[in-house]
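> Below is a structure I'd like to ask you about.
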């Protein structure tokens, strides 16, 4: 029984395309390697949409430095209680959950690019609400607006990039949003050393302006245009993305055939479609990756970094520690972007879960020993543990769940499934951030980190059993892998489009 399951698992993790159509597609996509310049416009598109991720990172980490100055009685113009502070920290993921739900229909009806673009002005308004706040209610409104935009953007970015970027660079360019997100975290931590919460919010208000300008330079995805019957616009968009001299006829033809086949399949209710035989596995994998991403405890760590270092009694300055953590986060994600298309998604997920598991148990053990004896001489352990933990997260479970959401969800359900996955991710984020301090109160910091470490160990097993390798495969090949073997006569017809990631 165990041997049989192992065989089935191993075979499910190797994407074996049907020779007829997949070999043609694989050859087609490998031909683009002749000229690196063919990726220039795809890089520009990735950079433009990644500015939204910079805002996501800045918004996510804002509470860590801001709450310190908000609760400073010597400078505060109104009181921020402990309970209010918890809501300021947790209202953003709760609002992001709503944004994730609404973002799904938006990317289908108004397009991927327009959905991303529509977050710019609300982001600006949210930060101005916070910066000009005269009471806690205004801060909560501002955080809610920013959180809503975070949910919409985190859903739309993987969709846009998955549909716009070629397979051989999809891993590297697909991780750019995570690199930018970590840049936002680093920017917020660094600025937080010198700026009080109001000025920190004003700095956040500057980012959407740059983002707005860049988004006007890039096109909508060709797959969305084709789904709306706009073939001329799709050709123009694909030509822009692939370069003026690129021959796009074969790729455009394959996308059209995928769309025709998806339209041919009988349509049921959107949510019912999620449970079709060839849809349920990619949806389950995407939800599983989102669950383990958040229950690794990353957002509890990011939201409460300063507080964690204070509680640990570390001899290292907590503000300096947050900057070091943010810098390591940025560098390690950048390295991951450079190697993901060489090592593959699964290898980075293995490395990620092992590093996080070891460091979470180390961190928990430090807090446990701290209650029994003086650990002043070991004050460097929290910082080192957190650094290695962040490296592990940034290598795998940080960026890859969002990247794979844009790769494995079938075109037929991509908008709906991406919406469900994003809402689920932010639901988990809300649960983790809202219950973190309660967990610390009831089972202690050591119990909390041991719990996160145990869940990461389960994540390692989940990757082994369930997650397929998608490196170097076109979206069409990945979708057919989940659909199962096809007859020779329908190999080309079974190509399906690809509309869609935190």
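Along the chain as shown, the residues are counted starting at 1.
Note that Cβ sites are derived from N, Cα and C of the backbone, with glycine treated the same way.
Below are the features I grabbed from Swiss-Prot:
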| type | residues | note |
| --- | --- | --- |
| CARBOHYD | 73 | N-linked glycosylation site |
| CARBOHYD | 319 | N-linked glycosylation site |
| TOPO_DOM | 1-38 | topological domain 'Cytoplasmic' |
| TOPO_DOM | 60-83 | topological domain 'Extracellular' |
| TOPO_DOM | 105-120 | topological domain 'Cytoplasmic' |
| TOPO_DOM | 166-172 | topological domain 'Cytoplasmic' |
| TOPO_DOM | 194-199 | topological domain 'Extracellular' |
| TOPO_DOM | 221-282 | topological domain 'Cytoplasmic' |
| TOPO_DOM | 304-319 | topological domain 'Extracellular' |
| TOPO_DOM | 341-346 | topological domain 'Cytoplasmic' |
| TOPO_DOM | 368-376 | topological domain 'Extracellular' |
| TOPO_DOM | 398-410 | topological domain 'Cytoplasmic' |
| TOPO_DOM | 434-446 | topological domain 'Extracellular' |
| TOPO_DOM | 468-502 | topological domain 'Cytoplasmic' |
| TRANSMEM | 39-59 | transmembrane segment |
| TRANSMEM | 84-104 | transmembrane segment |
| TRANSMEM | 121-141 | transmembrane segment |
| TRANSMEM | 145-165 | transmembrane segment |
| TRANSMEM | 173-193 | transmembrane segment |
| TRANSMEM | 200-220 | transmembrane segment |
| TRANSMEM | 283-303 | transmembrane segment |
| TRANSMEM | 320-340 | transmembrane segment |
| TRANSMEM | 347-367 | transmembrane segment |
| TRANSMEM | 377-397 | transmembrane segment |
| TRANSMEM | 411-433 | transmembrane segment |
| TRANSMEM | 447-467 | transmembrane segment |
> Please work out which recorded stretch in 173-193, 200-220, 283-303, 347-367 has the most C-beta pairs separated by under 8 angstroms from the transmembrane segment (320-340)?
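Answer, by Cβ pair count: 173-193.
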> Any contact between the transmembrane segment (447-467) and the transmembrane segment (39-59), i.e. 3 or more CB pairs below 8 Å with pairs at least 6 residues apart?
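Output no: the transmembrane segment (447-467) is apart from the transmembrane segment (39-59).
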> If you average per-residue pLDDT over the topological domain 'Cytoplasmic' (105-120), what number do you get?
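Reported value for the topological domain 'Cytoplasmic' (105-120) is a mean pLDDT of 93.
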> Among 145-165, 173-193, 200-220, 411-433, point out the range having the most Cβ pairs under 8 angstroms from the transmembrane segment (39-59).
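That would be 173-193.
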> Under 8 Å for C-beta pairs, could you tell me which stretch among 200-220, 347-367, 411-433 has the largest tally with the transmembrane segment (145-165)?
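The stretch with the most contacts is 411-433.
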> Would you say the transmembrane segment (121-141) and the transmembrane segment (200-220) are touching, if the rule is that at least three C-beta pairs must lie under 8 angstroms and be 6 or more residues apart?
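Answer yes, regions in contact.
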> Which of 84-104, 121-141, 347-367, 411-433 shares the most C-beta pairs under 8 angstroms with the transmembrane segment (377-397)?
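Top-ranked stretch among 84-104, 121-141, 347-367, 411-433: 347-367.
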> Restricting to the same chain and to residues at least six past its boundaries, which positions have a Cβ under 8 Å from a Cβ of the transmembrane segment (84-104)?
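The answer is 59-60, 63, 67, 70-71, 115, 136, 139-140, 143-156, 299, 303-304, 415-416, 418-420, 422-423, 425-427, 429-430, 433-434, 437.
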> When you check the transmembrane segment (411-433) against the transmembrane segment (283-303), do you get at least 3 Cβ pairs under 8 Å, counting only pairs 6 or more apart in sequence?
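These two stretches do touch.
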> Restricting to the same chain and to residues at least six past its boundaries, which positions have a Cβ under 8 Å from a Cβ of the transmembrane segment (121-141)?
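Here the qualifying positions are 55, 70, 77-78, 80, 84, 87-88, 91, 148-149, 197-199, 201-202, 204-205, 207-209, 211-212.
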> How does the topological domain 'Extracellular' (60-83) divide up by DSSP, counting helix, then strand, then coil residues?
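Once the DSSP states are binned, the topological domain 'Extracellular' (60-83) shows 12 helix, 0 strand, 12 coil.
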